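K.L.:
The domain 'Major facilitator superfamily (MFS) profile' annotation in TrEMBL covers 22-413. The annotation transmembrane segment is assigned in TrEMBL to 30-54, 60-83, 95-113, 119-136, 157-180, 186-209, 236-255, 275-294, 306-325, 331-350, 362-384, 390-410.
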Amino acid sequence: MDTGTRPPPEDHTAGTAAGSGARTIRAVHMFVAASLISLIGTWTERIALGWLAWTLTGSTFWTGFVSMAVLLPAALFGPFVAVFAEGWNVRKAMLLSNACFASVSMVLFLLVATETITLELLVFLALLIGVIGAAMHPVRLTFLPMIAPRDYLPRAVALSAISFNASRVIGPAVAGLLITTSGLSWTFFINTLSYLPVVILVAVLPMGARPVKAAGRTRLGAGLVDGLRYAVSRPLIRWSLLMAAANGFLVRGIVENMPAVVGGLFDGSPADLTWMTSSAGLGSVAGAALIGWLKSDAPQLRRMLPVFPFAGAVFALLFAAGLSFEVDVAVAAALGFVATFVGIGSQIIVQLEVEDTHRARVMTWWSSASFAAVSLSGLIVGAIGDLVSMSHAIAGLGLFGLAIAAAFVFRRG
């Protein structure tokens, strides 16, 4: 007997009536809330991965490598995956990827709890998390527009970003508490459980219609080139890709590499890492809240964003000066603010400008530009930190950032 609890089919067409709009807006709010729980677990695990690498090696390079390993596969393989992701069943892909994430977290819990973890295993599992993330990322970027009305999409993106950045405050605090009271292993166990709300919600959530692709199999090379050509041929999208890359290399490269930064600059403790990462997360929440409040359209954002890379470069130089731990905690908040404001702003521009038929491929080129820049920055800063010092590495990044920021400020057209 049909009880009415069966989830709606994925090709359900969302109407434009007020009731349908309210339903899809409610769906956005429910998904963002469930994602917050999962993201808190993710950030708890990311802090634990970096700190575990620092504990095993005492090397800023290897700590940075492990921290960046969860991002690097998305930069390398994201555009390839996106070509095929546009034809995937989004619901099934979301469920499978979250199940895979939870499985890897459980393996990490068992290895750390039994004290059998090694650097080689840690690097492998961090890269595996990155590979799963590379497969999930274009699906996740496509999922939100499928449950949000178009006129609500900028607010939905901002809410999603606020959720992400709130988790950057809460997650490190949870990680610090667990590491100091229960041990590293429990951070991975908590993350395993954190995927359950998203899995349950995605299984039953109503979804809007997806554009029907033309018949025929997509050729990988043609799909990649078509997505990139589409992005490059549209000035606002092309500019946003460059801004995302600059932001990733100059600012997010510091924020995302905090385990190596704290270890290299301060020879810090898990509590120090918690303070620094939570401060950056608090700044990120402020950046996400501001851009959500502004309700700017794509041309307005295009005019606003060029000033922020310059501010980020100045903050990087101040951070490298290492005036005191307390000052750097405050500067970390400023770096988080800049990184998030620019990141969300450039993403909103692309989301508003891209057509649905190219959304997964173009959004993945955007994220690949950002992830590649973050990963490259983290690896370079980590290597220089081992060879010279972390303060010199970050100072060099800040000086390079001033030149890049000047190019954006003086070439607005």
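Here the Cβ of each residue, glycine as well, is placed from N, Cα and C on the backbone.
Keep in mind that what you see is a predicted model, and the values were worked out from it rather than measured.
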K.L.:
Quick one: do the transmembrane segment (186-209) and the transmembrane segment (30-54) have at least 3 Cβ pairs under 8 Å, skipping pairs fewer than 6 apart in sequence?
P.N.:
yes
K.L.:
Do at least three CB pairs under 8 A connect the transmembrane segment (119-136) and the transmembrane segment (306-325), leaving out pairs fewer than 6 apart in sequence?
P.N.:
no
K.L.:
Near the transmembrane segment (331-350), which residues from the same chain, at least 6 beyond its ends, have a CB less than 8 A from one of its CBs?
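P.N.:
Result: 154, 157-158, 161, 165, 168, 231, 236-237, 239-241, 243-244, 247-248, 251-252, 254-255, 258, 276-277, 279-288, 290-291, 296, 298, 301-302, 304-305, 308-309, 311-312, 315-316, 318-319, 362-363, 366, 370.
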K.L.:
Please report, as numbers and ranges, the same-chain residues at least 6 past the borders of the transmembrane segment (95-113) whose CB is under 8 Å from any CB of it.
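P.N.:
Counting only partners 6 or more residues beyond its ends, the transmembrane segment (95-113) has Cβ contacts under 8 Å with 38, 41, 45, 52, 121, 125, 128-129, 132-133, 135-136, 139, 183-186, 188-189, 191-192, 195, 198-199, 202-203.
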K.L.:
Calculate the per-residue pLDDT averaged over the domain 'Major facilitator superfamily (MFS) profile' (22-413) and state the result as an integer.
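P.N.:
That region's mean pLDDT is 84.
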K.L.:
Looking only at residues six or more beyond either end of the transmembrane segment (236-255), which have a C-beta under 8 A from one in the stretch?
P.N.:
230, 261, 280, 284, 298-299, 302, 305-306, 308-309, 312-313, 315-316, 319, 332, 335-336, 338-339, 342-343, 345-347, 349-350, 353-354, 362, 365-367, 369-374, 376-378, 381, 394, 397-398, 400-401, 404-405, 408
K.L.:
Going along the chain, which residues at least six beyond the ends of the transmembrane segment (60-83) come within the CB cut-off of under 8 Å?
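P.N.:
For the transmembrane segment (60-83), the nonlocal Cβ contacts are 46, 49-50, 52-54, 119, 122-123, 126-127, 129-131, 133-135, 137-138, 218, 220, 223-224, 227-228, 256-260, 263-264, 360-361, 363-365, 367-368, 371-372, 374-375, 378-379, 381-383, 385-386, 390.
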